[in-house]
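Down below is the structure, laid out as C-alpha cells.
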Amino acid sequence: MSLHDDDKKLKIKHSLEKRVVTLPDGTFLPSIGQGTWYMGENPESKNKEIKALQLGIELGMKVIDTAEMYGNGDSERLVGEALKARRDKVFLVSKVYPHHSGLDMIERACENSLKRLGTDHLDLYLLHWRGRVPLAETIEGMERLRKDGKILRWGVSNFDTDDMKELMETDGGKKCMTNQVLYHLGSRGIDYDLLPWHQEHNLPIMAYSPLAQGGSLRRQLLSDPTILEISEKYNVQPLQIVLAWTIRSNNVIAIPKAVQEEHVLANAQAAAIQLTREDLNKLDEVFPKPVRKMPLDII
Ligand SMILES: NC(=O)c1ccc[n+]([C@@H]2O[C@H](COP(=O)([O-])OP(=O)(O)OC[C@H]3O[C@@H](n4cnc5c(N)ncnc54)[C@H](OP(=O)(O)O)[C@@H]3O)[C@@H](O)[C@H]2O)c1
C-alpha cells in the first residue's frame, strides 16, 4: 500500500473509529493505540520514531502510551517532539514509578513528565506497578492531580484480580479508569479471572506487548499453521491476526509499539479484521484459555 494513498488512509481511520472502547467516564477510544518503550533512546532512530508516531496518529491510533521509566524520560521527550502541533489529536498516557506514587513525590513526578512531554495535562496517568506506597495514598495523590487539571483521569498497571478488588474497596478506588497488563495470544492468563472481572465491572483493559514483542516472547505466533491459515484467509500477516485477536471484545485497547512504517500501517489495519467465532475456536484449540489461575505475566 502506498503511504500517499489518502483514500486508503481514510479507510483505515474509519475502521479504527468503528472499533472503540468506552472508559467508565464515557470517553470513546479506538481499540488500537501506540506504545513507545525504547523510543527516544537512540539518537539515530529519533526521526524515524517521530514519523512513525505521527503516521499512527494520522491513521487514528490516538492513544499514545509512555512512562517516566522509559529511557529515564527519553521516551516522554520523544513523544513530546512527535506531538508538537498535534496535542489535541492525542490521548496521552504516562505512568508513574511506584516509588514516586506517594504524596511526597507524585506531584513532582507528574510535573516532570508534563515538562518532558511539552504539555500541561495528561489524559491518563497510571501507577506503573504496585509498590510499597499504600493504595489510598496513591489514590489521594492522583485525585489531587486530577483536581488541579494536571491529569484528566488515572488508572493502574500490572494489577492482578486481588489487587483490583482491593483497589475497588479503597476510598476513591472506583475512579480508576483502566488497568494496563500484558496480554497476547501466547499469554492468556488474564482470560481466567482478571478479564472476566474487568468485563463485569465495565472497566477496560489496556493490553501491553500485544504482539508478544514482534513474536520474540512467543516465536510460535509467527509460524503456527492455524494463525497462518487464518492470516491467508484475510490476506494479512500473522501478527495482524494476533493483534485482531487481542481486541476481539470491545473492552481491550491494545498498544503495539512500531517504528517501521509498514508495521504502523499493518497495526492500524488490524482494526478492520473481525475474527469469526470459527476463527476464534480454531485459535483456542492451539492457544487454549487457562483452566486455572495463573500468576499475572509481567515484563
Ligand atoms: N505497563 C507496563 O508494565 C508495560 C510493559 C511493557 C510494555 N508496555 C507498553 O506497551 C507497549 C507495547 O509493548 P512492547 O513494546 O513490549 O511490545 P509489542 O508492541 O508487542 O511489540 C513491539 C515489537 O513488535 C514489532 N512490530 C510492531 N508491529 C509489528 C507488525 N505489524 N509486524 C511485525 N512486527 C511488528 C516492533 O518492531 P518495530 O518497532 O521495529 O516496528 C517491535 O519490535 C510498549 O511500547 C509500552 O508502551 C507497558
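Quick reminder: no glycine exception, Cβ is built from N, Cα and C everywhere.
Quick look at what TrEMBL annotates:
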type: ACT_SITE; residues: Y70; note: active site, proton donor
type: BINDING; residues: H128; note: substrate binding site
type: DOMAIN; residues: 32-286; note: domain 'NADP-dependent oxidoreductase'
type: SITE; residues: K95; note: site 'Lowers pKa of active site Tyr'
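Positions of TrEMBL features highlighted on the structure.
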residue: Y70; record: active site, proton donor; DSSP class: helix
residue: K95; record: site 'Lowers pKa of active site Tyr'; DSSP class: strand
residue: H128; record: substrate binding site; DSSP class: coil
Cβ-Cβ distance under 8 Å to K95 (site 'Lowers pKa of active site Tyr'), same chain, at least six residues away: T66, A67, E68, M69, Y125, L126, L127, H128, S157, Q180
All-chain count of other Cβ atoms within 10 Å of the residue listed as 'substrate binding site': 20
Set of same-chain residues at least 6 away whose C-beta sits under 8 angstroms from the residue listed as 'active site, proton donor': T36, W37, Y38, M39, G40, E76
PLDDT averaged over every residue in the domain 'NADP-dependent oxidoreductase' (32-286): 98
